[in-house]
Structure formats: structure tokens, C-alpha cells
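Quick notes on the structure that follows.
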Protein chains: 2
Amino acid sequence: MAELQRYKAVISYDGSAFSGFQIQPNGRTIQAELEKALAKMHKSEIVKIVGSGRTDAGVHAKGQVIHFDSPLQISVEQWKKGLNALLSDDLVIMDIEKISSDFHARFDASHKTYKYRVYTQKTRDPFRHHFATHYPFSLDLDQVKLAANHLVGTYDFTSFCSAKAEVLNKVRTVSEIKVENKGDEVIFTITGNGFLHNMVRIIVGTLLEVGSGKRKASDMLGILQGRDRQLAGKTAPPQGLYLWQVEYNG
Amino acid sequence: MAELQRYKAVISYDGSAFSGFQIQPNGRTIQAELEKALAKMHKSEIVKIVGSGRTDAGVHAKGQVIHFDSPLQISVEQWKKGLNALLSDDLVIMDIEKISSDFHARFDASHKTYKYRVYTQKTRDPFRHHFATHYPFSLDLDQVKLAANHLVGTYDFTSFCSAKAEVLNKVRTVSEIKVENKGDEVIFTITGNGFLHNMVRIIVGTLLEVGSGKRKASDMLGILQGRDRQLAGKTAPPQGLYLWQVEYNG
């Protein structure tokens, strides 16, 4: 058996028709589709992949990162071409490279960036129903930005985490929240060293409530301090969310 | 029973999850969804709609036009709101107005405009798999434009019509074919007084073969004159096609 080489790949997917990233008994998932394609390239042998983290059903990725090991001696161009020919139209390998065997897609990730797309026009757009969230209210972006600034820093984000989450340490560092108008959309760009389950969607849901006047920007402090999911706003729907970029040290 | 009022509506749809416009025994169609919504607004009475023409499975519409008659005395704002609340996310009423009872969405249409989106980058884009056609070849747009010019005018378009089509008179007038680069896409915009079945898709398929060097621009004349579907290029896939606008006289 040839020596194993570790590969790092950047993948992109339209999450609309997936039941999320992680393999599960029923439902089509990113991990299962990738491992199915890899098995085809390895004479049906199982090759496991490791992602930088999960994404939920309906959530997209522009730059998710995975790693896997393989004994196949083919070029990275052949990997990309071969895998993309086996994958369906909504999942693609953007980039693949050889990497040291101590690289780990999840443990070594130093920063992640998510984007969230919202459009506010009155009439919903049938071409964006899977790709952006329709929020037909006028938004006070200055207030949204003020509120967002309260969330930048190192805090216990329990209030912005799905109550089902089992992780114990809920302290995370959010290094930047950008809120910008682009065409008829409001784009949220959130970068941090790690995110709790539903954290970006709860942050966006809460910020939208500030923008439409249901909450005040200064409420953010109390929400953080209360450490109670009930205090924050609704979880924004999955279709507006994109895992945009995963960064690694070095 | 109140008098019937005729309404003209502009509708927009993502055709990805539809089996086309026209009602059929099996499969979800635009017409069926609209008539189901209208029935709900009319105490289950059947209200038929008439479209400007059909679109095939997977083909989109930005500005399809329909008409229907109703005895309901509600404002056009209430029509729009009511129908949009009943319709699913991939189908929307953009605009609705009262119109004279002799207006006919199909017979009175004087011009139609279609757009066709193609992207040529090497790696396919998972976010466009339903919305544009991936054609990963370099295109000589000057040759494409030359070829397109040969098709502008009044001709027998038998060669650019699905061989299955049952219509007898295949003479149509194409008044304009625009070919433009927009970002990383090539957009075809084709306007005419009427189109045969698959005509836009066969024109685009043939023009793409010119662009990639498989045919010459000057071949168009012989293809038109031959009146034989075999002479033209492949039918371009449905997902790149948009019924963009339907115009009426007066």
C-alpha cells in the first residue's frame, strides 16, 4: 500500500437540496456525497473527510474547507477534475492542494467568515428564495451597525446559541461584523475565531429586529450578559447564510 | 353573479422545480399553481388563466404575462397580496392591472424578449446550476455576433425549431439579437414577434458552436435555407433561458 498523502480542498455548495454537511442515516449530505465520490476513485474503499465544521440544511458555502488522506498518486489538477466529474451540479471542488499530514481542517481553523444576505423589497423575488432572506421592512442600518458593534469582542455568546447546543464553553471572539448595502440587499459579514450552533443566524435575526425598530441597539449588552437564548431575537432562516471563508495560521 | 372583470398580470418564476408552464396530468406547473391559488380566492370555483405562451420545464420567466377573468370586487393591491400569499416561493405576481375584456395575453402579444445566460469559466458554479448554462470554452464573440446578425429578419425558422413542433407556418421575425459580456457571463437577448418551440435554445446552441469554432458565422444562411432541424446546432439546455418581457400594442 502506498503512503498516504493529506489533501486540503476548498469546496463550494448550494445548500438548498442538502440536509446539511454531516453524514446522517437519511437525507443527502455534503459529507456523504464527497465520500461517495472519493470511494469511486478508490475502488470502493472508504475515504473519510473532515470539514472545518458543519453547516445546517439549506445553508450554503462559498469556501468550506475539508481534508482527507489518499494513497492515489495523481496530480491536484486530476483530483479536481476527477472529483468534480463525479459530484453533482450543486457541489464543487474549487481548489485542492497537497498539505502536511498534521494539518487538520477543523482544529487548525483560526478564523471563519460567514455572510448573510437579506433583501427588503416589498415583493419577494422567486430567484432568491433559496439564496437570500426576504425581510420586507425598512431597516435603520445605523442602528444595526451600532448594535453589531456591541457584539464585537470576546464574550460568552450563550444568548446567541441554539439552546440545544451541547458545547460547554460558549466564549467566542467575534473580530468583525460588517453591515453593508449592496444593490437592494443588506449583507452581513461576520468574522470570528469560532461560532456556536446557529450563532450567526441568531445574531442576524436579532440585528434585523434592531433595524426594524423592535429592539434598541443598546439592548445588546443586556442580552449578552443575561446568557439566555430567550433574550435574543429569532433565528434568521438558513437560506441567507453562507460559510464564506475559513482561515488557517501559517 | 357579479360582472366579470379581466385582469392582466405580469408574473415571474424560477422554473427549476416546475414541469413547465402548461397544466398536465402529472407534475407541478405554473398554470396549475396559479389556478389553484385563484380557486382558493373564488370559493373553489375554477378560474382559468391564459398565458402569453408556454415555457418548458426548467425555463424561467422574469416577465411572463397572463390574463384571467373574475367577479371579485377587490383592488389590484389586494389581488397581488392575496395571490402572492397563496403562491409558493418560486412563483410571484409582480404586477396586476384591470384590463379591457377583449385583451388576450397570447393573441395580442406583439413582441417577446428572451434572455439566455451562459458562463464560460472552467470550474462550474454550484450557485448557477439552475440559472445559467456552463459552457467552459473560450468564445469568439465577434464571430457569434456576425452569426447572430444573419438570423435577424423575417425567415422560415424550420431549422431552428424542435422537429416535434406541429405548427405549420414557421416564418417568424427576429428583430434583434444582442450578445454581450456581463461579468463572467455572455448574455443573449433575443426579441421577435413570436418564437417556435425551442427556437431560442436552438439559436443559442448554434451560436455557441460558432463562438467555440465548430461552425462558421456564414453557415447561418445555409442552415436557414435548408429548413432542416438537423442542420442547426444542439438545443441549449433550459436552465439558461428566461422569458424576459412580453409586449403588447397600444
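Just so you know, glycine gets a Cβ as well, placed from its N, Cα and C.
So that you can see what the record holds, here are the features copied from TrEMBL:
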DOMAIN    B:9-108  domain 'Pseudouridine synthase I TruA alpha/beta'
ACT_SITE  B:Asp56  active site, nucleophile
BINDING   B:Tyr114  substrate binding site
DOMAIN    B:147-249  domain 'Pseudouridine synthase I TruA alpha/beta'
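Counting only the Cα atoms, the space from B:Tyr114 (substrate binding site) to B:Asp56 (active site, nucleophile) is about 13 angstrom. Residues near the residue listed as 'active site, nucleophile' in space but far in sequence (CB under 8 A, at least 6 apart, same chain), listed by position: B:Gly15, B:Gly20, B:Phe21, B:Asn198, B:Pro238.
When secondary structure is read from DSSP and collapsed to three states, the residue listed as 'substrate binding site' falls in the strand class. Just so you know, the Cβ of the residue listed as 'substrate binding site' picks up 24 other Cβ atoms within 10 Å once every protein chain is counted. The residues of the domain 'Pseudouridine synthase I TruA alpha/beta' (B:9-108), classed with DSSP into helix (H, G, I), strand (E, B) and coil, number 26 helix, 27 strand, 47 coil. On the 0 to 100 pLDDT scale, the domain 'Pseudouridine synthase I TruA alpha/beta' (B:9-108) averages 97 in the predicted structure.
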